[in-house]
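Undergrad: Just passing along the structure, written as structure tokens.
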Amino acid sequence: MSKVYDWFEERLEIQAIADDITSKYVPPHVNIFYCLGGITLTCFLVQVATGFAMTFYYRPTVTEAFASVQYIMTEANFGWLIRSVHRWSASMMVLMMILHVFRVYLTGGFKKPRELTWVTGVVLAVLTASFGVTGYSLPWDQVGYWAVKIVTGVPDAIPVIGSPLVELLRGSASVGQSTLTRFYSLHTFVLPLLTAVFMLMHFLMIRKQGISGPL
């Protein structure tokens with residue numbers, strides 16, 4: 001085993017990377033409230049795992065979506081547990097994200113030179129809210145349907161570009177299969193990819209600049 005490790009160490013300098021990760025200076029003022037961002041990340045990873053598991057059973061069609069969710073909850077092995085964890089982890093992610101934003105704002109973590117870290121955090125907050133909007137509609141029950149209809153109808157109040165925006169969101173003039181397909185694609189592919197990219201940027205900047213000092 002040591003020979004295998006030495007082979008990789010010679011080429012990749014694994015020990016140097018490990019030392020850099022584990023030896024980062026942590027300011028003495030850091031407390032449990034500085035863990036809120038990490039908890040948000042953990043919730044996101046739980047969302048990815050449980051969401052991926054549900055894609056094996058969920059059917060993104062207006063005629064089968066609700067029945068497939070019922071199947072997950074009543075027939076699939078541990079489906080009720082996976083969906084419940086997904087749901088509660090989603091709520092926890094939103095709550096931890098809000099508390100994290102408040103902590104950063106109240107401790108001045110958005111000030112120079114960490115403006116870009118704050119910007120990426122704001123983008124992540126918008127993406128988190130978008131997860132909630134798109135995921136809420138996927139069961140395609142009465143609550144999900146009318147939520148989509150209301151949310152996608154909001155841009156209609158914007159002059160000139162309002163109607164085209166509504167049609168872009170819905171995929172057609174009215175809420176239907178095209179809308180569900182778009183929301184499913186956003187929820188399972190586009191938003192997770194964007195979130196992963198911005199999280200990586202966010203953490204790299206934190207890694208480079210370190211944790212902000214006390215006020």
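Keep in mind that glycine also has a Cβ here, set from the backbone N, Cα and C atoms.
The following feature annotations were taken from Swiss-Prot:
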type     : residues       : note
TRANSMEM : 32-52          : transmembrane segment
BINDING  : CYS35          : heme c binding site
BINDING  : HIS86, HIS187  : heme b 2 binding site
TRANSMEM : 90-110         : transmembrane segment
BINDING  : HIS100, HIS202 : heme b 1 binding site
TRANSMEM : 116-136        : transmembrane segment
TRANSMEM : 186-206        : transmembrane segment
Undergrad: Residues of the same chain, at least six outside the transmembrane segment (90-110), with any C-beta under 8 angstroms of its C-beta?
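TA: Distant Cβ neighbours of the transmembrane segment (90-110) are 33-34, 36-37, 39-40, 43-44, 47, 117-118, 121, 124-125, 128-129, 131-132, 135, 212, 214-215.
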Undergrad: If I take the alpha carbons of HIS100 (heme b 1 binding site) and CYS35 (heme c binding site), what is the distance between them in whole Å?
TA: 8
Undergrad: What whole-number Å value do you get for the CA-CA distance of HIS86 (heme b 2 binding site) and the residue listed as 'heme c binding site'?
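TA: Distance between the two Cα atoms comes out at 21 Å.
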Undergrad: Roughly how many angstrom lie between the C-alpha atoms of HIS202 (heme b 1 binding site) and HIS187 (heme b 2 binding site)?
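TA: Spelling it out, the Cα of HIS202 (heme b 1 binding site) and the Cα of HIS187 (heme b 2 binding site) are 21 Å apart.
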Undergrad: Just to confirm: which same-chain residues, 6+ apart in sequence, have a Cβ under 8 Å from the Cβ of the residue listed as 'heme c binding site'?
TA: none
Undergrad: If you run the three-state DSSP split on HIS202 (heme b 1 binding site), which class comes out?
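TA: The three-state answer is helix.
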